[in-house]
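Feature annotations, reproduced from Swiss-Prot:
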type: ZN_FING; residues: 6-59; note: zinc finger
type: BINDING; residues: C9, C14, C36, C40; note: Zn(2+) 1 binding site
type: BINDING; residues: C22, C25, H48, H52; note: Zn(2+) 2 binding site
type: BINDING; residues: H203, H301; note: protein binding site
type: BINDING; residues: D220, D231, E358; note: Zn(2+) 3 binding site
type: BINDING; residues: D231, H294, E327, E358; note: Zn(2+) 4 binding site
Amino acid sequence: MAAVESRVCETEGCSSEAKLQCPTCIKLGIQGSYFCSQECFKGSWATHKLLHKKAKDDKIKPEVSPWTMDGEVNTDPWPGYRYTGKLRPHYPLTPMRPVPSYIQRPDYADHPLGMSESEQTLKGTSQIKTLSPEDIEGMRVVCRLAREVLGVAAMMVKSGITTEEIDHAVHLACISRNCYPSPLNYYNFPKSCCTSVNEVICHGIPDRRPLQDGDIVNVDITVYRDGYHGDLNETFYVGDVDEGAKRLVETTYECLMQAIDEVKPGVRYRELGNIIQKHAQANGFSIVRSYCGHGIHKLFHTAPNVPHYGKNKAVGVMKPGHVFTIEPMICEGGWQDETWPDGWTAITRDGKRSAQFEHTLLVTETGCEILTCRLEENGRPYFIS
């Protein structure tokens, strides 16, 4: 702590002379923050550290609101932020797109914080819902529609197209199918799909950066209709990509399909991570540990928790009627991740590329049904066909 002129200690109930100031507050430009001793400073830490968070949040807020378009000038939203790779956000973003009132909306759609109260009610529970025949049919319908919407996005992917344009097409495709785009306002996520380019692991926010030849981009689609969510994603090549990108994308898809091959009643959810890790590591890649697959039906995210790395401690055994996603995120370098200051965009800490594929699955009496399977090309993903 730095020495400063005499002040009164700011710890509640202490009136001693204070000559020490919090060094983090000095760095962040926070006025005050004087303490008489290390003991008083430590005793106030629980509440004092909130000042640091607020100051940091205020510092990264762009002068121009990121949710409004102001000409074509690209604004750096986070001056001083140290990016791990070459990708940069292209701000400001366009406003959050409206959804017609006649389309059924999930409970978080109009919540000021985008909070799903139905999910919060079940937060922390490991109980896995067994879907009724009616529920299963609802999931089949919505997953088929989600697949159609991903097909629209797939046709958009090429050099020069922005992820913002892909998001716009996805939004319109959802509306035309009487679906709500599930990501929109989910805990205030500002767009209708996630687009994750190169070193972005997941939850990338579509913006005005044009895709470039050699990029890889994951488009993650979830749609909501008649009370159910359907979720899937694929990673696409943009133009001609190098052999490293091809090997990463191919291995990631193989990890997903090898895990799916093991889905059947009686299998522990924790086993899927062992299968994925074995194949990824055999090819020299690592597995992201911070994000995982999840149960899905009337709730966007719920039990079970489905980690993609080995020796995990996931709870639960597969039973007929369970519906969940597997969505491995595989990295060229290390598995460690960071998050951009937007609070969403997860990126590799070493700046190397990451790829992902996802399906929503139904456990049947004898195995599983891939609810989001592509109907064309014998179910093969777009990077193959």
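The backbone N, Cα and C atoms fix where each Cβ goes, glycine too.
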Note = Cα nearest E327 (Zn(2+) 4 binding site) among binding-site residues (C14, C40, H48, D220, H301) -> D220
Query = Around H294 (Zn(2+) 4 binding site), how many other C-beta atoms are within 10 angstroms of its C-beta?
reply = 19
Ask   = Among the binding-site residues C14, C22, C40, H301, E358, whose Cα is within 10 A of the Cα of H294 (Zn(2+) 4 binding site)?
value = H301
Request  = Please name which of the binding-site residues listed here, C14, C25, C36, is nearest in space to D231 (Zn(2+) 3 binding site), Cα against Cα.
outcome  = C25
Key: Cα-to-Cα gap, C36 (Zn(2+) 1 binding site) vs C22 (Zn(2+) 2 binding site), nearest whole Å   = 11
Ask   = Could you tell me the C-alpha distance between H301 (protein binding site) and H48 (Zn(2+) 2 binding site) in angstrom, no decimals?
value = 33
Query = When the pLDDT values for the zinc finger (6-59) are averaged, what is the result?
reply = 70
Request  = Look at each of the binding-site residues, H48, H52, H203, H301, and point out the one with the fewest other Cβ atoms around it within 10 Å.
outcome  = H52
Ask   = Of all the binding-site residues given, namely C9, C22, C25, H52, H203, which is spatially nearest to E358 (Zn(2+) 3 binding site) at the Cα level?
value = H203
Inquiry  = So among C22, H52, H203, D220, all listed as binding-site residues, which is physically nearest to C40 (Zn(2+) 1 binding site)? Use the C-alpha atoms.
reply    = C22
